[in-house]
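Some features that TrEMBL has for this protein:
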type	residues	note
REGION	1-96	region 'Disordered'
COMPBIAS	9-18	compositional bias 'Polar residues'
COMPBIAS	22-40	compositional bias 'Basic and acidic residues'
REGION	112-135	region 'Disordered'
REGION	154-177	region 'Disordered'
DOMAIN	264-343	domain 'K Homology'
DOMAIN	347-436	domain 'K Homology'
COILED	421-455	coiled coil
DOMAIN	441-509	domain 'K Homology'
DOMAIN	766-829	domain 'K Homology'
DOMAIN	833-926	domain 'K Homology'
REGION	875-912	region 'Disordered'
DOMAIN	931-1004	domain 'K Homology'
DOMAIN	1008-1085	domain 'K Homology'
DOMAIN	1089-1160	domain 'K Homology'
DOMAIN	1161-1272	domain 'K Homology'
DOMAIN	1279-1348	domain 'K Homology'
């Protein structure tokens, strides 16, 4: 027996080392120990009472194979066997292979069968469409799928069936333990002597009284009429074995016939996805009938009306039970064919989790979707959880007095899982486990917060809610805007609710609020203050001014929502200053839009849409007037015209004004608004004949009627008003209302009535079938990409069109079908002239030629009206997919089109287009070949940051310089054992060579780079760096380094400020590093020997040591190699005079002598100047600066204090003492200025003040001449008047100066006065006007006029 042979082979390993005599002795001992008795033999006729389990191990079985050998096969015979990598067979062709590996003991495959020993099974898992597939499948040699262990097959009947059709099997026999049951090992010792067997448990056989004839008689008759011989043998545990021997086909047929005769009828129910039902049934039932015919089993599938209807078409959670009836062999074969169809159609699934309440969604998703990202990581699934922060169809439940709240699933909001079936099941199981946990932990609480503050809890993108969840573990559910409630629901664990509520209250109360009543600024508006404010608010909303204000001032603006409410804007802000600025800007906007800028015009609401679509743009371009149309829901008869002005071409987006308009502007507003109103009313009044009509349209024709109306009116000229169509509010209503020009309404109503009547007649002919031949090779053109063409024909002709096997079937009214037929036949003639070109292109170039997302190939297809097919990569891709959809990287596994090699590109289309597309594609190939040179450069991974540069600057410069593509390995890519990675360069030959040369130069520099550290006392670091880094830059440059800022920073690295570290790191080539180190050590050594000396220098002369911008000090430090420390202005006492010189003793001494010589007091000349002329001569210090700059002469006053400028009497306060005008103050407050004029003779200062001139002799002479002239000029001005003008708002001083000082120069020239505007422009500083009394007064008037008009002069 095969079993004995297997046992002998299993034990051969242990007896291999025994001698021949020892082996013979063991054999005799074994024979002597075997004493069989009659009681040990199973009664073949008493199969209803099998013996108890035998005390030996399960019998080893031969794994089912197509051909099994009992004797060794010669190498020549083995070589003639079929290869084991044939393509998989379809279910019809694989029926006999299925028959060879049947296992009726599987509780999963046959849950109704018994008799086999039960093996404990793991707990059943939840279903995906059905449920989880076994995680492991034992594979035999050469890819043979072996039996699945019962432990992994046993599960609930909801489990996914095991694998369907087996792969082709090997000719080599393999010994392997397998479970008892229905199995068919075969033995073929020689050609023509094939052996197979099947195992039956007693319960799988008909009882003796139900057999038509005794079992032995059945076998005798079967053997007599068959070319095969079938024998019955006992097996372990009561199993009955039937073994057939003979030709292959005869043996298999004999065993099938035997199973049909003696096998009991079995019934198996297989759960399959509802979406797969049509594929199991087939067109007209052809598939299921074929299964029954091939297997002999009866297959029952629930009718379509008996199956549950899924809520969504893309939901694979719904299943149905397919019932299989027949003997064990037939039922198993039918089950496998059905499973093969299911597995083919459900490799990916779409699941909807309908029973999960929306209140759990935030916790399942996690803060910022962290939980879902973790669940998706490593799985080929996509999980979509709807955002749930605002309830819509049902509010959250009330908090119960005790226990946990009962959350109810939402009927419309579900979690969706799509992807691999098994992994989708795992994800769903995990989510359902989380839900069970959440049901025990999540409760809720409700708080009431003012509606206007809800926005601070929920921002636009929901980030705040994610932060709340991450921080407190709680979620927030807001009420919808349509509800009047202000209650917020907080959900979360009981112990975290309080922190969640506190966080929400903190957010809601974190903003300050300011209010602006915009109606108050125009209280006297002709149409009423509230109406004007409401219209202006709506206009600013349309112009997105509110959003702009919110962005500009980091605030939230809440507008009134009720028509009856006060037009008070609420401004929520965190920064009080932003609130003030926002109120100021809003006030400016409102002031710039007075009632004169807006006009209300009553127009019948029917015309509103026509005005919006056809007239508004012309009115804006022609009159500079914006037309504001009411919302459809408002049913407001008045439109609002807003003057915006004619913008020059190319001026860009319209900017809202913020200045109060002048009288001239108001007149322009009036004129333009009147013209726009007359234009609109003139166009509308020409269509006063508005009519209405009602027609009956059954609800099922609504969409078709709307298409008819759009088609009839799509070419109307802009001057014509289209007819508006509306239907009854009820879905069952057949009312259709038309409103528009009377003539158009009447004509359209008649067309609709005729159309509906025609449709009703056509309904009677919907079943008419028109069939004709159409070349199958053109079917793809008729169908189009994703069915675009055929769907277009279906919609255009209102018929159903099906294409199959060279036939076109058109179902619909005969007249329409005939028109569609002629159109389709014309298409066939048009493409008959199609040409096909096959280009041989290596797969590695496909991706580059296809382009990103198929851009290049799609452009070719569109340009030449052809189809370009690259070898496809997905087995499920339809023939009408574009080449871009079929492209993938070269070298990937390709499921090729039939008869298309992996290096073939097929072009099909009209001959001319195909020829041109072929030529262009070949040109593209040549370009790709020319630019497909590659090269790799090895680089240390630590050098990558420096090669890339900050923001990729360095690498981008190499790309731009050479034109090559450079692919840098990512930070996660591991380096080789030497710490190096590869940079890839792509491009043409020259580009690759140039880029490689540049990179190798940089790499060589890096590889030659060394790093040294120096420990230099930290007190020397500042001096070593020097002012602005000048000292260290000179050291590096003198050593041969680069003076580039980035290179310098890499070469010498100082420890950060505030750090106690004193180590300086120098990096670069060895020569450079050695020189820099030597220079730094020399500098530090000098610093250790340096001395510091202090000299006394008067503070007035410190500027001589510093110079403009520090130039003088830097020159001294460079010249004498010292460090100069000049006291700061804030120094007090003796330290104010102490200047410190640090350096080498010799250098310090030289510098000291030089500085003392510089500051040595020079002989001066003293002039006595009357004190009353001092300010006029000094001219606010300008005179002193001219002396110093032009003549190197300084002036001091021998310690006397110069006389003060004349003061202006305190002016009255404006705005009740406020420092600035309020934003609601009237613009006329500018008139509240202060002016005072005094005569030059009224100066109170008497006496003289010394002016001591010090400097070179020539400079003192020139300075004395300048002083004498200035004194004479001051005396002449003594008779002149001086005016002091103070304005309430210092910001208006800029209007006086003008652009580039043009305005003030004009005033000076016009009045002959000297005008001085204060520099700080702080409030209370006066504008000084010097001149004749008439000139001073004239200048004052001009200044006030300029300020009044915002910088313009009348």
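Each Cβ is built from the backbone N, Cα and C atoms, and glycine gets one as well.
A TrEMBL annotation is a machine prediction, not a hand-curated record.
Cβ atoms under 8 Å from those of the coiled coil (421-455) belong to residues 125-129, 131-133, 160, 346-349, 351, 353, 356, 359-360, 363-364, 371, 375-376, 379-381, 383, 396-399, 404-405, 407, 415, 478, 486-494, 497, 501, 504-505, 508-509, 511, 556, 558, 570, 572 of the same chain, restricted to positions at least 6 beyond its ends. The DSSP breakdown of the domain 'K Homology' (347-436) into helical (H, G, I), extended (E, B) and coil residues amounts to 34 helix, 19 strand, 37 coil. Broken down by DSSP into helix, strand and coil, the domain 'K Homology' (441-509) contains 32 helix, 18 strand, 19 coil.
Note on the domain 'K Homology' (1008-1085): DSSP counts are 43 helix, 14 strand, 21 coil.
Broken down by DSSP into helix, strand and coil, the domain 'K Homology' (1279-1348) contains 38 helix, 14 strand, 18 coil.
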